[in-house]
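What TrEMBL records for 43-63, 70-92, 98-120, 132-152, 158-176 is transmembrane segment.
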Amino acid sequence: SDLRQMLATKSVENIQFLPFLTTDANNLSWLGYGCLKGDGTVITVNAIGAALQTIYILVYLYYSPAKRLMLLQVLLLLAVVVTGYGYFTILVDTGTRLTHLGLFCSIFTITMYLSPLADLAKVVRSKSTRCLSFPLTVTTLVASSSWTLYGLQLHDPYITVPNVPGIVTSLVRFWLFQRYRPEQDKPY
């Protein structure tokens, strides 16, 4: 719905850039983990996710009035990805590579799920959920729950553990949507 809103309004008003960026980095990291582990499910889902997030970023950049700041953030992300790739392929031995990459991916996933917390203080202060995306909250709950169950099935703590914060933050956002119903919003 965020992409649809950007295309319809030709603006990025009330849409945060950081979740797109962290999700793209997260997808790229997990894509590397899936390739190293040979897990087709992780590879397929994260390849599609990275492609979609890249499209969202490009649309956001197109409609954003602050292109310089956004481009700087994208370049910083690329620097992190390239540095991470170099670290995992050159400096980490083959025996511990999957463990190190799994830990890195876990930290990135937790960061991605916690990135909307900055908006939660704004929601409580303004008593408005206008800056939160309900469809994104539903999707986050479904995705984080699915990955948690998949990780439990595989006995893979690197997939299981970092997705639990996604479930918790989604439940908090649902509570906020219930507490500060959108129809109660006052115009700015």
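Every residue gets a Cβ built from N, Cα and C, even glycine.
If you count C-beta pairs under 8 angstroms between the transmembrane segment (98-120) and each of 43-63, 132-152, 158-176, the highest count goes to 158-176. If you look at the transmembrane segment (158-176), the same-chain residues 6 or more away from its ends with a CB under 8 A from one of its CBs are 33, 42, 102-103, 105-107, 109-110, 113-114, 116-117, 120, 123-124, 129, 132, 137-138, 140-141, 143-145, 147-148, 150-152.
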